[in-house]
Amino acid sequence: MQRKTLTRFLIEQQQGPRAMPPQLRLLIETVARACKTISHAISKGALGDVLGELSRENIQGEVQKKLDVLANELLLEANEWGGHLAAMASEEMETLHRVPNRYPKGEYLLLFDPIDGSSNIDVDISVGTIFSVLKAPESASGRDVTEADFLQPGARQIAAGYAIYGPQTLLVLSVGTGVYEFTLDREIGSWKLTDGPMTIPEQYPEFAINMSNRRQWSPAVARYVEERVTGAAGPCGRDYNMRWTGSMVADVHRILKRGGVFLYPADHRQPGKARLRLMYEANPMAFLVEQAGGAATDGRVRLMEMEPAALHQRVGVVLGDRGEVAAVTEAAILAEPA
Ligand code: P6P
């Protein structure tokens, strides 16, 4: 069977009822091409002198891995000359990166975490690239894009996706018409459609959380997790399994493929203290999960309705199986003082 390529899929999306704009197709193809190059660099490992850390920190205060910087530069260079973007923002850069004046500008804003889970690179565990596409606001036409132009709720995303660099290299994306998975055919260097439209299998008894953060959890999250650890003997009525890879892309991909729920709650002891970033981790993953029939909240409210206050804002994340996400929300509501 001749599998559909990414290019053919995107051209069909242009011809489809939503008539995806050609510039968006160019954007996604450009990001996908950069992800192929990132995948190639990662696969070299120690042989490619791409492992290890640099002696500098990023805006997050995290020591940068060589591949963090390489992937960030690859995505910037691949996207800045195509005429489809107004600006980019990245986990690895303090502020936005405007398209240089020597290049044509477009109407899209691209946000990305170039290598998510980079602490796993040196121990050969799957990592990924996460991206989110917004439109520059009408008010930005005729002037330079500003950071404030990026601060749009996740519900305004035009497209989102991730590449996962694991046993296979996959590209999982949505342009608002469902979630589709492409596998990199390394022999000819093209992305081949291998799954989609994807829907999260319901009621799969598996949760993903870093149990060592127990001290940070709200009573609601603690009770939710405790009930699942108790399993069939408790109110859940069935046993659960637990997974935690330390790589959001790997955990979210597993949930899209076989179900379950992912939790990285904010630190209950310090309001606003959380791990994951809203704009280029939580929102793109929330877009995909909702497109696959799941739900995504901060433990209480829908992530994609949150009004961002800052480019690198962090947020609690609960996403995946609708029933499990609702159970965390219900526990949060019950835990609130009457
Ligand atoms: P912890 C990776 O650094 C990341 O941003 C996500 O990919 C992952 O889910 C999480 O942090 C892992 O955090 O605290 O378990 O190391």
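Numbers here mean position along the shown chain, with the first residue as 1.
Glycine is treated like the rest: Cβ placed from N, Cα and C.
With Asp113, Asp116 listed by TrEMBL as binding Mg(2+) 2, the candidate from Glu12, Glu226, Glu227, Glu281 annotated for that site turns out to be Glu281.
Site annotation for Mg(2+) 1 in TrEMBL covers Asp113, Ile115, and the matching candidate from Glu91, Glu92, Glu94 is Glu91. Within its own chain, Asn210 (substrate binding site) has Trp244, Gly246, Tyr264 as residues 6 or more apart in sequence whose C-beta sits under 8 angstroms from its own. Surrounding the centroid of the Cβ atoms of Asp113, Asp116, Glu281, where the record places Mg(2+) 2, the chain contributes additional residues within 8 Å, namely Glu91, Phe112, Gly117, Gly128, Thr129, Ile130, Met248, Val249, Leu276, Arg277, Tyr280. Proximity to ligand 1 at the level of Cβ atoms, with a cut-off under 6 angstroms, picks out Asp116, Gly117, Asn210 from the binding-site residues Glu91, Asp116, Gly117, Asn210. Here Glu281 (Mg(2+) 2 binding site) is compared against the binding-site residues Asp113, Ile115, Ser119, and the shortest C-alpha distance is to Asp113. In the structure as shown, the Cβ atom of Asp113 (Mg(2+) 1 binding site) sits within 10 Å of 27 other Cβ atoms.
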